[in-house]
Amino acid sequence: FLGQEVVFKCLGEGILEKAFQGYNACIFAYGQTGSGKSFSMMGNAEQLGLIPRLCCALFQRISVEENESHSFKVEVSYMEIYNEKVRDLLDPKGSRQSLKVREHKVLGPYVDGLSQLAVTNFEDIESLMSEGNKSRTVAATNMNEESSRSHAVFNIIVTQTLYDLHSGNSGEKVSKVSLVDLAGSERVSKTGAAGERLKEGSNINKSLSTLGLVISSLADQAAGKGKNKFVPYRDSVLTWLLKDNLGGNSQTAMIATISPAADNYEETLSTLRYADRAKRIVNHAVVNEDPNARVIRELREEVEKLKEQLSQAEAMKAPELKEKLEESEKLIKELTVTWEEKLRKTEEIAQERQRQLESMGISLESSGIKVGDDKCYLVNLNADPALNELLVYYLKDHTRVGANTSQDIQLFGIGIQPEHCEIDIALDGEVTLTPKENARSCVNGTLVCSITQLWHGDRILWGNNHFFRINLPKRKRRDWLKDLEKETSLGEHDLDAASEASSEPDYNYEFAQMEVIMKTLNSNDPVQNVVQILEKQYLEEKRSALEEQRLMYERELELLRQQLSPERQHQHGSDRLSYTAQTAQQKVNLWTEERDELFRQSLAKLREQIVKANTLVREANFLAEEMSKVTDYQVTLQIPAENLSANKKRGAIVSEPAIQVRRKGKGTQVWTIEKLENKLIDMRDLYQEWKEKIPEMRKLIGKRGDPFYEAQENHNLIGVANVFLECLFYDVKLQYAVPIISQQGEVAGRLHVEVMRVTGSVPERVAEGDDSSENSSESGSLEVVDNNGEIIHRAKKLSCRVKIKEATGLPPNLSNFVFCQYTFWDQCESTVAAPVVDPDVPSPQSKDAHFTVTFSHCKDYVVNVTEEFLEFISEGALAIEVWGHRCTGNGSSVWEVDSLHAKTRTLSDRWNEVTRRIEMWISIQELNEMGEYTAVDLHQAKDVNTGGIFQLRQGHSRRVQVTVKPVQHSGTLPLMVEAILSVSIGGVTARSTKLQRGLDSYQEEDLNCVRERWSDALIKRREYLDEQIQKISNKPEKSEDDIEREARLVEQWVGLTEERNAVFVPAPGSGIPGAPANWIPPAGMETHIPVLFLDLNADDLSANEQLIGPHASGVNSILPKEHGSPFFYLPIIKHSDDEVSATAAWDSSVHDSVHLNRVTPQNERIYLIVKTTVQLSHPAAMELVLRKRIAANIYNKQSFTQSLKRRISLKNIYYACGVTYEIVSNIPKATEEIEDRETLALMAARSENEGTSDGETYIEKYTRGVLQVENILSLERLRQ
């Protein structure tokens, strides 16, 4: 590992030397977000970066070289370029207004009004950089900008004055050092900015793309290619300002930062190529000697010339000349300012900046890491590590938060009210937050509406994007930790296990943001309704669909038998030709498995997608309300066109999230989430400009376009018609009115089509091995064989005809210029069927309930008869999309369908499918005075981890009752316990309460096995992905398929990296086996959850061997101290009829243990292990061994005092203790597969349970519509 010192020696010292020689110099850092650009340039407190080291070395050298004949002056400027706007980070007002970039023929490009402050030592620069970064953080948070998408430019101007003491002459050398931290260079496909977002575009990537073009042009010029090639400096602000540094008068160096992660392979390659081109550029640096005298002289000449021109043009009123004159006079004034005046101005600006930061409540002392431990304060949380925990807000006894200037902590931006909330510190140190009405305040992700106590480490969200963490004084932290240790329930702090509560909390921005999302998700009742309705209807639908499918395949089998009967064996000229595939049973099984898998995948993503959509909608509504746009955004649901086709994988309950846009007096529009994300970028820019200069923006808004609502009309998808092509097996014509299924799952009309076979035939079956060259005389031809295996003829081509006649029953509001679009089997481009336009036919604005459109489309297709084509016409369908334009007077709507590939399911979702929790409860019964067996008391004790201590009377007859039951909503593994086969007890151990730690039922034998298998699978996937990525990258030219394939491989690497991190360090509550316990167990239940690994086949959940007896699962999952004493099988007295429970007789004397025969001493605990073998019917027929350690206390007779206490505290007495096991059937299939499966579009729903125009809620419409699509397609297949 090489530190920052090495980087500085390699780059900084050389650049510094050039600056002292009088050359201009520049260093810019390029690379993807997170690769270390900001760290290399700025560093941190322990490892100073290039900029602070260079500044420190600069002043060290000045102190050495400065004397009577050689003096130095240093000035600095600091600016940020975001979305093609320049902000001055050193001017108190600079972060709120953008500056103009101008170009002067003498000075070249410069930023008009940029602060250039005089500094005399390194501490001045350090202070300016710190305050500049704070300004940058405030601006980025207020505007909800991604700081990783902005460029930071730090300029140092060094002026050297040389005096000749003998002659009295002097001369100057001026050098400018530009240090540039560029924005992240992520690939477009990886950030999700594709298609619509790129077309509508923003300026975020404009600077980087222009910089690439400039470097490319300059590299070509240096190589002798295109000497006169145009260099597009002025296409972006960044390249315009760095014009001299790129191919001009400057010594320039580039730092290319790359990520070591393999999933960033493409970005790394792109960065290296970028750097390779940059190093070919040839600059022409010269020493800047006496530039100021020359510049001032030229400016004075220009001023005189402009005055003369202006006086001549006074009569013509030429404002541009006046502006040029003012610009030149302003530049002369800046250049002639004395050094003392510059120092005074710098001091004034510094004081003003400090006053402004203090008025906003921001501390000027240091960052959030170095503040005092005796104060309450807030630190900001930011996604950018360079801006995270940079702002410190000290809290007073009464602190007011809001946007008003009178507030103690001033915040600006979306969702911040003038008076937002108040924070009070009581005399005992208790901190409380009181939100104002309609002011959004979240504590630990939960929306609070009343006074709320704050604890050390709590996360606070104000408005839409202001995240903070509160830090309490050390003494208050200690009190808080003591309270946590005393309490059994952690209340609001259930996000961390009790074992971790004692450590210092370290919650970052990602944690706080995810917390808000998950809490929003859990409180979203309509979403839970969607899941419950889908699950219930899915099970019912599955039963009926399976039966219907079975009957259909039986009918097909009967037809096949008839064709193969002896009397028809030689009738080869039969019109009906059949394609034989797998057996009917195999097809049913395969269909069921695919349906179940896709159903689980779609449900697993439901909550996540809904929250994302609602987050975007909330911000859009904030902006629209602030700017009085009278536009409302809500999350709705729609089925994408590809899921309305029979060619999709069956069983997938999938929808794509969509945004419903409503504007008063206008029609309703529906946008995709991607479109809203892109629009939000423009909305934020418009909002900032609107806030800063309202009158001007009102004039410009009509010219610039309105990102809140689209005025331009587009076509809308009416629905999809599926034409099943099994008719091509027969020599018959299909004439049918195919239902058009809308995106609400309803029939929105019918499309009359005609499909027929023109020439050729479909073979009965394809001969094996006919793909060899000697068996196939022509490419694409297949050998047709009879039942004796003899070749009859070769079927080469098949010609079929598709006619579209008319569309009937269309909704009138979408029946203007209706057209159809489809893609036949192997065609690359879509075919469009236009309607017949008859001027005599009236427009479709009639009052008829439905409308008819006539077509005259007829097209013949010639295809090669291949295995794939035979499968397509047997199983698939020709999906014809029907599009229409909204008629005038019916409102406008924009329906867009972007094909979304579902991302890899989260690890918790995958493990959820192969895990299920199971509880085993133990109670001990003793004979009472009435001659009945009753449960003994279970006393709670802090030092006992088994759930409690059984109070056993010495010498009494006992029974052990064992109950086993699966835990509801703990996983989707089909786990069914049939019976308890045996109960044994042993492993008697005595432990001292003072000297020894308590025991429980936790072991990691199976967990280690799971992790080992999981890790092996990930290594195989990594090797495979490396090989595939390398194979594609080695291709000299990549096709579109290669690029798409490469992008998918890179995406898989992202998921792979997450998995590799989660193998041994799973997040608390993540659902991954071995994750720290994140729950409050019921009374008597152990906190730790041991894992049992069944090791079943992932495909069918079958066992590799008979898992019974000594081979039963869990036999080797041995607990610590288990072999201390032998086990004895207990005779089972009875089984329960209502639940899986068994009662066994226990004679403790068989153990011959002194610990069980005598009264237990006061400072001793007796531990035993109950071992139970249960019979499972699902997921496989097998036996499973469960263990539960219990604690016992042997007493002789209860005293009167003990008996009285027991009666008084009867409510707190428990009778059973338990352990929860996490049963893992196998490693998730998706993990063991070397490539992730392609998933379909994801579901989304809005939070509000509002009704649609027909009185049906969106949730009800979605649930009913999605499930009806499959019913309609199944019935249509039979009908056609």
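Each residue, glycine too, has its Cβ placed from N, Cα and C.
TrEMBL: automatically predicted annotations, no manual curation.
Lifted from TrEMBL, the feature list:
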- Gly31, Gln32, Thr33, Gly34, Ser35, Gly36, Lys37, Ser38: ATP binding site (BINDING)
- 293-338: coiled coil (COILED)
- 536-601: coiled coil (COILED)
- 1-281: domain 'Kinesin motor' (DOMAIN)
- 762-782: region 'Disordered' (REGION)
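Everything TrEMBL records as a feature, shown here on the structure.
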{"residue": "Gly31", "record": "ATP binding site", "Cβ contacts under 8 Å, 6 or more apart": "Lys37, Leu182, Gly184, Ser185, Ile255, Ala256, Thr257, Ile258, Ser259, Glu267, Thr271"}
{"residue": "Ser35", "record": "ATP binding site", "Cβ contacts under 8 Å, 6 or more apart": "Thr257, Ile258, Ser259, Asn264, Glu267, Thr271"}
{"residue": "Gly36", "record": "ATP binding site", "Cβ contacts under 8 Å, 6 or more apart": "Thr257"}
Binding-site residues listed as Gln32, Thr33, Lys37, least Cβ neighbours within 10 Å: Thr33
Residue among the binding-site residues Gly34, Ser38 whose Cβ has the most other Cβ atoms within 10 Å: Ser38
Across the coiled coil (536-601), average pLDDT on the 0 to 100 scale: 59
Where Gly31 (ATP binding site) sits in the secondary structure, as DSSP reduces it to three classes: strand
DSSP-derived class (H/G/I helix, E/B strand, else coil) of Gly36 (ATP binding site): coil
